[in-house]
Structures are given as C-alpha cells and as structure tokens.
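Engineer: Starting off with a structure, shown below.
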Amino acid sequence: MKKTVFNPALNRAAAILIGTLVGISGVVHASVDISSSPLHGGKDVPGNLAILASVEFPTLISVANLADTYTPGVRYVGYFDSNKCYKYHYSSRELDRYFYPVASPRPQANYGCNTTGGVWAGNFLNWAATQTIDPFRSALTGGYRVRDTVSETILEKAVMDRDSQENFPRRNVAGRNVLATLVPTQWNNFRIRIDGLGNRMRFTQFSSLWTDPLNTEGQPYDSSRHPLNRNDRGVYEVSVRVKVCDPSAGLESNCVAYPRGSYKPEGLIQEYSKRIRYSVFGYKNDHSYLIDGGVLRARQKFVGPQTHYPEQGKKTNSHAEWDPQTGILYDNPDPEDAAATTRRVGRTIANSGVINYLNKSGQMDTGRISKIYDPVSELYYTAYRYFKRLGNVPEYSVLTGSVNEKYQQADAFPVITDWDDPIRYACQSNVVLGIGDTHTNQDKNLPGNTNTMEEPSKPQTVRNDRSIDVVKRMAQIFRMEGMRQQDAMTSAVAPKFNFHRYNSAYIAALAYDAHTKDMRPDLEGDQLLTTHWVDVVEAGDYKIPISTNQYWLAAKYGGFQVPAGYDPDKTVNPLSEATWWTNGEYVNNDLKANAKRADNFYVAADAEKMVASLKHAFSRIVAEIKGAGTGLSSNSARLETGAVTYQAQFFSGTWRGDLIAYHVDKVTGALTPFWNANFPAWEQRVIKFANATTLQDFTKKNLGQTALASASAQQINYLRGDRSQEGNVPGKLRIRSGIMGDIVNSQPLYVGAPNGRLYTTANFTGASAYAAFAAQQANRVPVVYVGANDGMLHAFDANTGKEIFAFVPRAAMPKLLEYTDQNYGHQYYVDGELTAADIYDTKLGWRSVLVGTLGRGGKGLFALDVTDPSNIRLLWDKTSADIGGLGNTLSKPMIAQTSDGTWSVLLGNGPNSTADNAQLIVMNLLTGHAAQVPVSKTSNNGLSGVFPWSSQSNGITDRVYAGDLLGTLWRFTFSDNAWKVAPLFTATYQGKAQPISATPLGAIERSTGRMWIFFGTGRALSSHDMDNKEVQSWYGLIDQGTTIPGRTRLSQVQIVDEGVVNGYAVRTVSDPKNIGTDGWYMDLISPKSGKQGERMIVSNMFRGAALIGTTRIPDNSDICKLSGSGFVMAINPFTGGRLGQWFFDLNTGGGSGGALNGNPVSGVGVSSAPNSPVFTGNIMQIGADDGTVTSLKTPSSGGLNINRVSWREILRTE
C-alpha cells in the first residue's frame, strides 16, 4: 500500500539532522570518511527518456529559419557552420556532390565570405536550405549522416518530398553587394526554391523559378562550368550535403574525437548516453486518416558502447548504436527487433535504433511520401501505455496489404509489438520529449471519449483501459484554465480543438494524469512521467492565446512542480505560476498573460531557438532524472493566515538547487507554491566575501589575495551566474541547468521581524532595550537564508524569492573552481546548518546575527550582522587555520548567553579536526575569539550537536550536553567563567562503542525533578557506515551529577512485536514496570528480522508527553534507497516503554488509533529512510529520503498533553 503524498520533497523537523544526507569533507588527511555525494539512494540510476516523434510532413519540410529576408550579421542555424566558408564539390554521380569547408577565406564579422573562387557562406546556406527537422536532428544526434566512414562524414538535409510554398516559401536575396558576401555570383537577385526538390536546392536570378511551380529543369551546378556571371539566365541546383568534422578546415563545436583518428558530429543523445536510456515512438507511414495511434520504434535502452547500470558498473552494450573506436553509426543496432518486423512484412528491415530512426525517418526511399495525418494524442497514449505496462494496442501496430505496402507502412524500420518493461528501477524518473505541429488530426479514440466523429472503431484494448477518462481529465484542465464547469465539459467533448481535422487536446489530459498519478502500483513509490514538447510552429501559427495550443497545455500540466498534498483528482483551481512559469519568457515575445511560455514548452520558431530549446530541455530532463528535496522550514510555528513553508530542493542530474515558497492553508494545512528562488542579472547580483575585517564584492579584481587568485574572469563570472561560457568543448565551462547549486544538508532558515515581547521579564544587560529594537525593526524585509553547494550562502526575500545577497566563505574557496569544470564530480561547499538570533552589543545595542557552517563542505564557520539585509556587515569568517579544533561541523551551531554576559556560539567541532579529537567550541559572537574545550585525546573522533541548558530557566546557559562519534555523552558546565567537562555515559553494545551523531534532547520529569537526556546511536557518513550492521540503541538517561558506569544501572526496553495494521508496518515495545536507577535503553533489534544495523541518527523530539524517535535501517540491496527504510516511534520518555494509549491513528483517520495484538502501536514503518516528523495541528508528516511524505493523524489533546517543546520549553510531568 502506498502512503506517499507528494514528490519530490523531504520533510524534517527544525532540529538538526546529522548524517541524513551526507557529503564530502574536503579534508586532505581525513580520519573519518565522509562520502562525496548523498547516500540516500538513486545514485547513478539512469533516467528514462521517451522521444515522441510526431513526424509527418510539416515537421519534416517546414522552413526552420523563418525570416524571409536574409540579414547579414544574424546567425542562422543548420548543418553548416556559420563561422566557415564552403566550396561545392561537383561529381557526375549525384551521391558524391556536397559542400565542404575551406580553411581560407574565413568568414567576416557578419558571417559573410569573400566568394571569389566559388566560395559560399555557411550562414547563408543555413538560412536558405534548413528544414525544421534538420536542427532537431543536429541537436539530438549530430545530424543525418549520408556518408559515415573513418575518414569522412557528410550530412544531408531532410527530404522535401512535395511542392509546398506554405511550408517552405520560395525566397530571394536582392543586391549585388550583399550577394557578393554570400554566394559566388555577380547577380542582383538570388532566387531559391526548396519545396518539392528532395535533397536539393534550386536557384536562379530570374523569377521563372517562382512563377512556374512545375519547373523541373535545373542543371547540376559545377563551379568550373558555371561562373554565374551577370547575364546568366540558367537555373541550377545543388545537393544540400555538407562535409563536417574535417580537421583541415577546423572542427565544428560538436565534433568528438575517436581512437582511430576520426571525428564525428554528435548531439545530446550521445552526450547524455551514460545517464539516460532512450526509446522512440512514431507513426506508421499510412496515409489514411482512419489509422489510430503510434508504434514503438526503439525500446528503452542505453545507446552508447557501454551500459551503465549502477549495480553492474560499465559493461559492453550489445545494442550499442555506434562503434567505440571510430564513432561510425551502426545501421542495425537492434537486429532482433528488425528481424521480427521482417518476418511480419516479408521484406528485409535493415535499419533500427534510436539515432537511426530519428535521422532517417522520412529519408528512406520506400516509394511513399511522408505521413500526412498525425493523431498525436494517440501517439502519446502509446507511450503512456508503455510506461504503465499496459501492453501494445494491436490495432495501432498492424501492418496490412501487400509486402510492399507493409514495408511502406513500417517505413523500413521496426514496428515493435513485444513490449518490455521500460522501468528498471522504482526510483527512475521518466520523461517524454516530443516534437510536432499543432495541426493534428483525428486523435480522440481514447479511454473515456465517446465522440466517434471521423474516428474508426475504438480498439478493444483501449476500451478495456479504465485507468483514465480523457474527457474528465480534459474538463478538469479546462476548469483549471478558468472555464466554468459546463463550458469545460462542453469543450472536452467538442468535435475539434484548434484545427478542422477533428483533433483534440487529450494529449494534455494524458500528460497531466501521468505526471500526477502513480503509473505503476506494482512498484514501490510513485512512478510519474514528465512531459517536454517542442512545437515546430507550422506556418508560423503560434496558437495565441497559448491555451489553444495542445502542446503548451501538455507541457504545462505534464511538467508543473506538483505541490505538497496536491489532489490530482479534485483540483480545479488554477495552478500557481510558480509551479509552471519560472522562466519569465513569452511565446513569440508576446508580452501578454495569454502567451507565457510554460517551462517545459519550447518553440522552434527558428532554428536558433530550436537548438537552444532542445539543449535547455535536456538540461532540465537530466536535472529531473535525479531530483529530490531537502527539507521544509516555516515562517511560523502556528497554522494561520500568512503562514509560509519553504522547501529546499536539489537535482543531482546537473547538481542544481532551488528554493520554493508555499502558502499554507489555515484550515487544511495544504501547501500552494507562490515563488521559486529567482536572481538578478549576474552582473547585478550582490555577492560578498570576507577580506580581512570587511566585506568586498566577489569579482575577479578583488580576489587576488584569496584562494581564487588563479581563477579566470570567465570562471568568476560563471560563479556569479554568467552562463554564456557554458559548453562541452575545450575552453568552455560546465553546463548547468540553473544558477544555484544543489542544497543538500543546509536547512532553509527564516528570519523575520523581532518579537518585542521576548525579553519583557528578563533582567540581563540590554533586555530592557529589546522592545525598542524590535519596534524599530518591525517592518524590515523577512529573509530566507540557505547554504548551497555553489560555494555561497544565499539570502532571499521571503515575500518574493528574489536574491538579496550571497556570501562566499573563505573555507569554500580552495576547491570552488572544480564547480566550473566540465568533469565536475559532486562536491560540498556551503552545506552546513545555519542559525540566527538577536544579541546585545554593549557598544552598538541589539543586532540580528546569522551564524553558518560549511558542514561537509569544509572546516569553516562565519557570522554576519543581518540586522539590515540590504547592508550586511561582517563579524568574522573563520577556518581551521584560525580555530585548530574545527573539523567538519555536522550540527547546528547554537547561540547562547552565558552568566558572564557574553553572547557565544556553541557547537561541536565535528570530525576531521587537526587534533582529530572531540572538542566543544565556544566563540565570542562579537569578537570571533574561540575557546576550545577538549573532551578527550582519542583520535578518529569529533563532537556532535550540542544541547544548551538553562538550569535556572532564565535564558542564561550554564550547561551543555553533546555526544561524540566514539559513543560518549558529555556534560559541560559553565561556572567561575570557565567550562568544565565530565563524561555522563558511554554507549556500548557488547563492549563496542556506539557512535552518537545526533544532538541530544533534554527534559525534566516534573514528578521527580530529575533531569533526563535522550539520544540514539549510529552514524551514516560513508558507504562503509551503510554496510555496517552493528547494533545501535536508544537511550534515556538521568543526569544525577555523576558518571553512569554502564548499562547495568539502566532498565532494558525491547521491541517485542512487529506486524502490519491497515497496510502500515508497525511495531510495539515492552512496558517495563521498574525503571533503572539511571534510566533505560532500547537495543534496535527487530524481533522478526534480528540485527539489521538499525540506527538513530536524527534528534529526538517531544510531542506532548510522547518522546518521538526516528530510526533508519540501511539496505544496500536496493539501489533506489541505500539508506533503507525505518520507523517513527513514540514512547513514554521516562520509562522507555510503550504509551498507555494510542498515538498513531492507523484506522483511516477515524480517531480510534492503532493496536497490534491488543497493544498500542509504538512505531510506524516508512518504506524509505525517514527524517524527523513535522506536526501541523494533529497531523504528523514524515518526510523520507526518497522525497515522499507520509501523513498520519495523532491525538490532538488529552492524556498526551500536546504542547510544543524545545530546549527553552522544558517538559515537566505530574
């Protein structure tokens, strides 16, 4: 049973999570190994990309560069290099005619050439002869290779198989001076015809080429015989082929070197071939409009020379699509599928594969022109069925007629009917990328639709599909687009959507359904499908308002960021723009609300935009393929109007980060996104770094005395957000899919206006002045702070999401240039926790300060005065060179005031310090002076999170508790202006130390006045930790002022039973009647599965009188969740045993609780490793490492005495 609510988002409490998502330490001689990337699962799992080629004649033959007038200086895209000049190679054999680049002359600044000697300008040839499918092929595959040998590669433009000036107008360039830089003529006019000429371009200087559409006369152009002088009245033709990747003339930017000395043009499919598995869907080439659906042309697979399955490593790919030594493309990489279709057709099918189909579709000489009708919604439905594993629709793939007719319908490629399962891993992301024109035809024969006008009989397999009703889904989308209910339903069943051929927008209904509802209930978690689409804009028709474009609707509703708690069936309100329109762009530069370009929608209005769109789509696709979230923070602890939740995300495909703000519904608690992190232009961003005692702008000229002194201006600008130098060729910088780096362990921190009532009863120095300070700051801009692995602390306006400033700590600089490298492997930079507080400065008065750590990113600690977020000030920026005891601080720094009046930062030093031991670090917040309190000299150790305690409940800290990685819990006492340390307890199991990673939690038992400390043991810092199955434990200790000698003075609590209640894995614990002298312990051993390495690496928390603990059970057998599963447990804090009444409501919210074999449930299982839960009212939300959230009801009042408890609000019981 699936209990997940939304994805991707990881939820956790405000308490620090140690080791939940782990990363690199950046330490040269690290004693404690810390992984360089997150360990919580899905690492290196390849994504699935299905390419939907809605290729019929407009997609193939439409003009790519739409401008009818050639403009010198404007770059036009196609197979030719705009920065090269070409000559034409004539041969009596047509197949041997082509253009080839020349080393000299070189193009002029406006892409023109000195055309004497038979030279042509490559930029002009792109404008003149490029069809829409050409840049699509170029971007995806490198282009259609008509000749592909070790020594030579020649590309050929798409076939233009019919007369159609509407799709490719006949053009003219006028003016001898202009033409002299483009073509080798002395003409005043250069008239061009492409339509109806196959792979050729015809030209003349006279209008007969235009006025006579039946003109078939054209002499093959030969520069040695045709000087094209001023009086030439001839009509000539050239074959539009071009030699590429010729080292003698300079390599194009997409040429890749191979071991045998060849260079081959490659595209995005090859570039991402190690990270994505591909499949392709297309149509049968049948000209009847009564032919339904699409067919699978190439099944989901790796296309490169090796497969890259994480559990197998690199292995030779038996279905590779190119030679690893030469780069030459194979004609038939999937011979089994070709042979199967051969048997059905009765004629040899000799071509197969993803790249081949994309390149050769419409190019094969089967004796039939390209397809006329395009039922695109049914094509999408074919892919929809593939991912849902519903099986092929036989009527879609049937081949009929004679052998030749079957061959033509197959278009000389496989028509695959024995579908496999494209989803190999439950955590794979699945993506569709489509291309087509909006003038679609007869595509309504889908589940739920009863309008059969101009449709054949609906296939029985389609009738049997009850998983979707496209009419209801479409009506729902129209409601979300603002229609009234009746109008929406009327539109959903209308005979046509936006064209006269009885088309529909059901592609959007399918895309929405697949994007928001689990496609595969048989697999763990939710399997969803994200849609990207390229509109080729047939005949320049953008379909404005854009909501009349079915591809825009499909990309919007199949690609929006699904909010937390989203109900895909009941939602009818408009989507928040923050979920689908973050690019700020408009279709066709039409600055109107009805022309906003959805993030996953791209237009091929010209070839330049086509290529840019596809590159952007792939960068987003790769980012989505490994998407996950970090955690949630809030601007309020109460559910009321104005409450906002902030979610940090990372996308490991390109290591991009994001921050999203959600409005919280005050009645239901539902989240509605209203902004994403957004940035000023890179030149205008406020980015600072510490130079001695002041802040300076993060620019090349200011960094000469830092670890970035060797960086180039391009690298520094890249770090600032300049993306103009990104690319995959030498000299370029790493391609990103966004400006901000991934956010993994840094919890977003909201800092709003001060609370003037905070210190009304306090009597320490400055307390009486706080109310005035709060009043002065009442209207300051609220800010959300978060650290990212781009080397920066980011500060965002909490109302708008716009970045106010960023800060680069010194400790992040030494390895920051790696972030710009094309071969970048994940690094951690500013990955630590943040804290903020108002402190009193006897000289300047009250100030708001922020303290941050680098966590896994390095050994650094910094403090900023953020009283005025628009004018921050540096307090200090420290590294381990300043504080010798500082290691990788993996916990939240705490700000506290001690009895001497000093405001201090308290934190555990973390592992990998210079001395390699555990120390408490106490820093004067105003001066940066650090005191180090070592607790032992034992190496391979570090102090974890600290729990400050005010024994007098006056806000003055006089005691601190913290554990270390060798299992000792320490008590630090501040007296006589000094810190004294003593061990309280050492956690062991059968004599072996149990590491303490999480911050302990304290409480006073009201009935006895005894001080209790609660914590669990275990760690998860490296893959070795994940393999470790040693027993860890949960402890509740009484601090009686002396060291607890061992377990003999503690009572034992056991996990006594496990089972399933209403689909939930549950467990119960024992109910001890006698409490040990010094507390209790519970070994995390399953009564059914035994020792599994279950551990507790996140802090405990209170919910009323219940103690909440979260455990994790690692599982290296599942690549999707290496951190495994776990339990959220609720027990009596002062006995360690089960509660006297139910805590988890497992009976469908009925309030009757849950019991296992008559005993109240003590723990609920989560299929992916859980984080600390978050409570909203009586709803408990459990965020897990796989990005899912499980929601359960808990008691709202009564015996559990529900109150919010923190270290300042101490729990006391009667």
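Cβ from N, Cα, C; glycine included.
Features from Swiss-Prot:
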type	residues	note
SIGNAL	1-30	signal peptide
REGION	307-334	region 'Disordered'
COMPBIAS	311-322	compositional bias 'Basic and acidic residues'
REGION	438-460	region 'Disordered'
COMPBIAS	443-460	compositional bias 'Polar residues'
BINDING	GLN952, ASN954, ILE956, ASP958	Ca(2+) binding site
Engineer: Here are some binding-site residues: GLN952, ASN954. Which one has the most Cβ atoms within 10 Å of its Cβ?
Structural biologist: ASN954
Engineer: When you average the Cβ positions of GLN952, ASN954, ILE956, ASP958 for the Ca(2+) site, which other residues in that chain have a Cβ within 8 Å of that mean position?
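Structural biologist: Everything else in range on the chain: SER899, SER950, SER951, SER953, GLY955, THR957.
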Engineer: Give me the long-range Cβ neighbours of ASP958 (Ca(2+) binding site): same chain, 6+ apart, Cβ under 8 Å, in sequence order.
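Structural biologist: The list for ASP958 (Ca(2+) binding site) reads THR898, SER899, TRP949, SER950, SER951, GLN952, THR973, PHE974, SER975, given in order along the sequence.
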Engineer: Could you put numbers on the helix, strand and coil content of the compositional bias 'Basic and acidic residues' (311-322), residue by residue per DSSP?
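Structural biologist: Per DSSP, the residues of the compositional bias 'Basic and acidic residues' (311-322) fall into 0 helix, 5 strand, 7 coil.
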Engineer: To see if you understand the setup: which same-chain residues, six or more apart in sequence, place their Cβ under 8 Å from that of ILE956 (Ca(2+) binding site)?
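Structural biologist: PHE764, GLN897, THR898, SER899, SER950 - these are the non-local Cβ neighbours of ILE956 (Ca(2+) binding site), listed in sequence order.
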Engineer: When secondary structure is assigned with DSSP, how many helix, strand and coil residues does the compositional bias 'Polar residues' (443-460) contain?
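Structural biologist: Helix, strand, coil within the compositional bias 'Polar residues' (443-460): 1 helix, 0 strand, 17 coil.
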